[in-house]
């Protein structure tokens with residue numbers, strides 16, 4: 001089901017409501033073209049194997065979360081293991097809560113979110129906890145050329161397209177199916193939706209095993225298209241306040257620098273000796289206000305960190321980042337099959353929205369680690385391609401694992 005919660009937009013025709021798709025075809029590899037790295041199109045073996053018994057301990061429950069103005073029902077799902085509790089909703093395939101223990105065993109919600117559906121409907125800017133799409137992150141001027149044809153997307157971010165356009169996947173009410181230890185969300189985006197070619201069927205599977213939440217993305221299309229899927233959860237490992245005191249490690253030695261509109265220049269910038277060097281654990285706030293030099297200009301453009309980090313290992317499942325909160329001892333480890341991760345420090349959170357227990361979502365009260373292909377890849381020949389063709393199945397896996405340190 002697709003529901004547009006932005007009043008300024010036109011009504012969505014009924015034929016764009018999501019339906020349960022046919023089973024996915026076997027995975028396939030894309031061919032390399034024009035010298036570009038291929039998009040990840042095969043399922044890959046996880047870096048850390050999770051015992052089957054861990055999945056068996058997960059309980060899945062469901063309940064209504066609220067009613068949309070068109071009468072549609074948003075459903076919630078709760079995944080519970082001995083270590084974690086994860087809450088999800090069908091609107092936007094959001095992660096709405098993750099309860100994780102500190103070093104003393106006390107559980108706290110470590111993601112930003114709202115108590116009820118009204119909060120998610122009112123929030124038109126943060127993409128909080130959602131799966132954006134069809135193309136997560138930015139496309140410069142909302143334009144790209146595919147198979148010799150130029151496509152124009154809605155402009156919703158300073159003359160560019162952000163997270164799929166004015167009505168992206170975060171605004172869809174996805175269909176849901178309970179699966180062992182988790183839930184699978186499905187959305188169907190029709191040919192021409194937000195200007196993108198091809199009818200795209202996308203699945204997102206959340207499964208919980210002990211201390212790890214696994215997110216598996218897959219998609220097929222009936223026409224050549226472009227695709228980039230991620231999760232836009234804002235983490236705060238202490239549960240409240242700013243995240244500037246948390247220690248971040250990112251497995252990257254270069255970023256894709258941006259212009260003043262936060263569109264990649266197409267070049268790569270080494271992180272050594274700059275505020276972007278998180279190859280060793282570094283307190284997030286230590287260098288966030290640096291303004292000198294080319295790297296400082298990058299910080300000025302974004303008001304902090306909002307950049308794509310190129311991960312050192314591009315093959316298989318690899319480490320993306322590790323974050324530790326000294327106050328609580330909580331640790332978040334992120335592994336992925338994606339080539340990049342967008343590290344965002346909530347620079348545009350401005351206190352407009354309030355979440356659970358009245359928490360004001362102010363600047364730097366949450367950080368995102370959005371595993372992804374690179375922003376503006378359809379216009380950047382040096383970046384890994386994000387093209388998806390009929391007969392191929394896009395596949396990607398990201399895991400959030402929680403632990404503690406003394």
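These residue numbers are counts, starting from 1, taken along the chain as shown.
From the backbone N, Cα and C atoms, a Cβ is placed for every residue, glycine too.
Automated prediction, rather than curation, is the source of TrEMBL annotations.
Note that the coordinates shown come from a computational prediction; the quantities given were computed from them, not determined experimentally.
For residue 232 (active site, proton donor), the count of additional Cβ atoms within 10 Å of its Cβ stands at 22 [all protein chains shown]. Following the DSSP three-state reduction, the secondary structure of residue 232 (active site, proton donor) is coil. According to TrEMBL, the feature active site, proton donor maps to 232.
A C-beta separation below 8 Å, combined with a sequence spacing of at least six in one chain, links residue 370 (active site, proton acceptor) to 136, 137, 230, 231, 232, 341, 342, 344. Secondary structure from DSSP puts residue 370 (active site, proton acceptor) in a beta strand. Sequence annotations record features per position, and here TrEMBL assigns active site, proton acceptor to 370.
According to TrEMBL, the beta-D-galactose binding site annotation covers 137, 138, 232, 233, 234, 306. A coil conformation is recorded for residue 137 (beta-D-galactose binding site) in the three-state DSSP classification, outside any helix or strand.
What TrEMBL lists as region 'Disordered' is 14-35.
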Q: Taking the Cβ of residue 306 (beta-D-galactose binding site) as the reference point, list residues of the same chain whose Cβ is under 8 angstroms away and which are at least six residues distant in sequence.
A: 262, 342, 343, 344, 345, 347
